[in-house]
Amino acid sequence: MNTSKQRIFVFDNVKALLIILVVLGHAADYYTDYFESMRIFFFYIYLFHMPLFIFLAGLFSKSIILKDPFRIEKIANFLILYFIMEIIFYLLIHYWLGRENYVFNPFVENSVPWFMFAMAVWLCLGRLLRNLKASIVIPSSIVLALAIGYTNIGDVLVGSRIISFFPFFIIGYYIKPNDLADFLQSPKLKIVSALSLVLIAITIYLNIDTLYDMRNLLSGRNAYTQIRMGLDISGSGAIMRLLTMVVTTYMSIAILSLMTQKHTWFTVIGERSLAIYFFHRPLLFLYHHYHVNDFLKGIFPHAWLWIYLGVFALVAILLAGKPFTLLLQKIELRVEKVLKRHKKTESH
């Protein structure tokens with residue numbers, strides 16, 4: 001028998017898989033120019049890992065969006081984490097790694113911190129739209145996601161990504177976790193899901209040279225003019241984004257349906273996914289700055305690449321440790337205290 005608590009486990013379990021794939025995707029991207037296997041892996045996981053992660057964020061956003069008064073401290077926390085990441089990246093890249101052309105500009109962001117800023121915006125949008133019907137909001141968000149590719153907003157205030165991925169967040173908001181968990185238990189769905197994921201993998205493997213030209217479409221941050229799609233038809237950018245969203249949805253449902261609903265050793269990784277997201281990128285920067293893979297190549301000339309990915313899978317797991325989560329929790333508590341003190345001051 002499935003309890004509501006067990007049903008929560010499936011979502012944490014999926015988040016665990018997704019956050020590890022986020023780390024591995026960033027690790028693999030260092031070698032996509034050199035190895036076809038990395039291009040295949042990168043393209044496959046980028047079809048679903050961030051959209052599904054964002055969907056799950058929307059799924060559990062109701063307690064923030066619907067609560068009165070609005071929990072502004074949650075918004076502030078994401079924004080502060082965003083600025084902390086911006087500062088860490090600047091200090092690390094500009095000074096430690098010696099890239100003097102790297103400038104501090106929190107208003108234009110093309111790297112990992114974008115998600116923190118986007119979450120703050122999505123929660124605010126959810127609050128503004130909370131009383132509107134899903135039949136209005138979801139189609140409108142999809143139309144905007146298709147249209148944003150015809151603009152050059154790009155990384156300014158993370159605008160392109162916010163709009164491109166918003167449909168996944170807002171769909172998650174409108175869905176009830178228990179209803180979704182019941183739907184995912186269908187044995188037929190599990191069979192179809194497994195076959196679908198294998199079929200998509202085979203399709204990518206056989207057509208990677210063509211499909212990889214569309215990698216810029218998957219990030220959500222590029223205009224259609226920056227994507228080599230090879231379609232000489234009007235509106236092809238929006239058509240390709242819509243098709244990609246359909247494939248993403250199929251893959252997301254498939255992964256959710258195949259994931260165990262039981263509490264496992266990796267459930268806690270999903271519960272602490274934000275800490276992993278926050279800390280992993282600086283470790284990748286330092287790893288490559290000190291050319292650790294040159295050492296691996298000398299010892300394991302044929303297996304070093306897969307060992308490298310294994311190392312960062314382990315890094316992701318270790319970052320789920322309590323010290324990293326506690327550090328983020330301390331930041332959140334500090335934000336809450338400051339805001340409460342400010343409210344008391346205003347009331348007097």
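For all residues, glycine too, the Cβ spot is worked out from N, Cα and C.
Automatic, uncurated: that is what TrEMBL annotation is.
According to TrEMBL, the features are:
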type: DOMAIN; residues: 11-319; note: domain 'Acyltransferase 3'
type: TRANSMEM; residues: 43-66; note: transmembrane segment
type: TRANSMEM; residues: 78-97; note: transmembrane segment
type: TRANSMEM; residues: 112-129; note: transmembrane segment
type: TRANSMEM; residues: 136-153; note: transmembrane segment
type: TRANSMEM; residues: 159-175; note: transmembrane segment
type: TRANSMEM; residues: 187-208; note: transmembrane segment
type: TRANSMEM; residues: 238-258; note: transmembrane segment
type: TRANSMEM; residues: 303-321; note: transmembrane segment
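When pLDDT values are averaged over the domain 'Acyltransferase 3' (11-319), the model yields 95. By number of Cβ pairs under 8 Å, the transmembrane segment (159-175) is matched best by 43-66 from the list 43-66, 78-97, 112-129, 238-258, 303-321. Counted over residue pairs separated by six or more positions, the transmembrane segment (238-258) shares at least 3 Cβ pairs under 8 angstroms with the transmembrane segment (43-66), which defines the two as touching. Sequence-remote contacts of a segment are chain residues at least 6 beyond its ends whose Cβ falls under 8 Å from one of its Cβ atoms, and for the transmembrane segment (303-321) they are 19-20, 23-24, 27-28, 31, 35, 37-38, 266, 268-269, 272-273, 275-276, 279-280, 283-284, 287, 293, 296-297. Between the transmembrane segment (112-129) and the stretches 43-66, 78-97, 136-153, the greatest number of Cβ pairs separated by less than 8 Å involves 78-97. Below 8 angstroms of C-beta separation, residues 129, 159-160, 163-167, 170-171, 174, 222-224, 237-238, 241-242, 245 of the same chain, each at least six residues beyond the ends of the transmembrane segment (136-153), sit close to that stretch.
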